[in-house]
Amino acid sequence: MSRKYFGTDGIRGRVGESPITPDFVLRLGYAAGRVLAHGGEAHGHGRPTVLIGKDTRLSGYMLEAALEAGFTAAGVDVLMSGPLPTPGVAYLTRALRLSAGVVISASHNPYYDNGIKFFSATGDKLPDETELQIEAELEKPMAYAASDALGRARRIEDAAGRYIEFCKSTFPSDLNLFGMKVVLDSAHGAAYHIAPHVFHELGADVVSIGNQPNGRNINDGYGATAPGKLVEATREHGADIGLAFDGDADRLQVVDRNGRLYNGDELLYVMVQARRAAGQTVPGAVGTLMTNLAVELALKAQGVEFVRAKVGDRYVLEELKKNGWLLGGEGSGHLLCLDKHSTGDGIISALQVLAALRRSGQTLDEMLDGVRLFPQKLINVRVEKGFDWKSHAGLQAALKTSEAELDGKGRVLIRPSGTEPVVRVMVEAQDAELANQHAERLAATLQ
C-alpha cells in the first residue's frame, strides 16, 4: 500500500502549507498516540510515553505545541527535550525506555521548511507498517481520551547532558583530543550547544562557528551542505581539522588543515580501514547507488564486500541489518556505525574519524592513500511528467554503448528524480573528460 503522507524520512514540507500545519500536526500526534496506545507500546509504563525533540527552526515551537496536544489528547504522556540532534532523540528514546521518539526538523532544508519523523522504542525509524497504521488513523475522526485518561507533558532539563555523555562514551577510553585544534560548524542547528561540549570535554581546543541560531538562519551558508565557511575558518585558525554538521546533526563533512573537503564516501572508507587496522573483521560495508566507484573498488581489493542500497540512510540501514554488517554511509555524510548507535549520527561519526587519526598517527589524506575519487559528471534532463526512460530506445542504445566502453573504468547511473520531472544522468570514470563525454552523449538522447 502506498503512503499518503510519509516519505523516506518522515513527513516534510513548507511550514503553513499542507501537511506542515498546526491542525494537521495535532491530528498526526493524536493518530500516532492512538497507534501507540493500542499497539502494546507502553513498555512497562502505566501509559505510553513519547519524547519530542526539535532543531532550531522558529516553527518548531508551534509544531511542538501541536504534537503535544495531539499526543496528550490520545492519552499519551509527553517528554520534551527542546533543541536536540535527531540521533540524540533516538538515543534518549531507547535509554529512557520510551514508547517512541519524535523529531521536529527538516534536516538540511531552509528554515521555512519543517518536518516530523518518528523513532521506535529501540531508536530505529518506524517500520512501514507502523507508518501505514498512523496514516489509517489519520483518516478517522478524533475521539479524545476521557478527562482522567489524558496524557501529561513535561520538559526534561538534562536531555543535552545525557546525550553529550553518550557521544563521549563512543570515543575510545584510552584516547583523547589534547593538542588537537578543531573547528566545529553546527549550521546554527540542533548541535550548536552540544557539539562544542563533546569535543572540548575530550580535550580538543574548539573553535565554534554556525552556533548562534535565531530561528531563521539554520543551514543558511553554514553546515554540512555549505562547507565554505568551515574551509575558511579551518585555515584562518590553523586548525588540525574542521567538522561540519547539518541542521539536525545526523550528517558530517570534514575539512583537513589544508582546506581539502572529505565527503561521506571517503569517511566510510577511513572508518573501515580503522577497524581493519585494529584487527577487527569487516566482512562488508554498505553505500548507495551514488557512492563513488573508487571506494567500492578499493574495498573489494581488500576483501571487503560492498553492497549498494537505494539513496537514503533508511535504505543503507536496511541493507546493513540484512547482511549483519556494521558500517555504511552516503556521500552526503550520513554515516552509520551500528555498534555505536542505531542511527546516523554526525557527532559520533566525527569521533570515529578522529579516533582513527589518533590511533594511526596519520592524516586523512594518508589514510586514503591509493583511493582517489573518480570524477563524476551529473546532468539533469527535464522530461515530461511520467516519462519512462527505460523504454526510450535511443537512451537504451547509448547506455549499452557507454557501459561497454566504460567496463572496469567507470559506470553509468540513470535515475528519475523523486520530486520533479527530471532524469538524472550520472557518469563516473577514471578520467574526467571521459565522464563528461559519456554523460553528454547519454543526456543528448533525451533532449
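Cβ coordinates come from backbone N, Cα and C, glycine included.
The active site, phosphoserine intermediate annotation in Swiss-Prot covers Ser107, and the record cites sequence analysis as its basis. The Cβ of Ser107 (active site, phosphoserine intermediate) lies under 8 Å from the Cβ of Asp9, Thr86, Gly115, Asp246, Gly247, Asp248, Asp250, Arg251, each of which sits 6+ residues away along the same chain.
In this structure, Ser107 (active site, phosphoserine intermediate) belongs to neither helix nor strand by DSSP; it is coil. Feature annotation from Swiss-Prot assigns Mg(2+) binding site to Ser107, Asp246, Asp248, Asp250; the stated evidence is sequence analysis.
Here Swiss-Prot flags Ser107 as phosphoserine, drawing on sequence analysis.
In the three-state DSSP assignment, the secondary structure recorded for Asp246 (Mg(2+) binding site) is coil. Taking the mean position of the Cβ atoms of Ser107, Asp246, Asp248, Asp250 as the Mg(2+) site, the remaining same-chain residues with a Cβ inside 8 Å of that point are Asp55, Pro85, Thr86, Ser105, His108, Gly189, Ala190, Ala224, Phe245, Gly247, Ala249, Arg251, Gly346.
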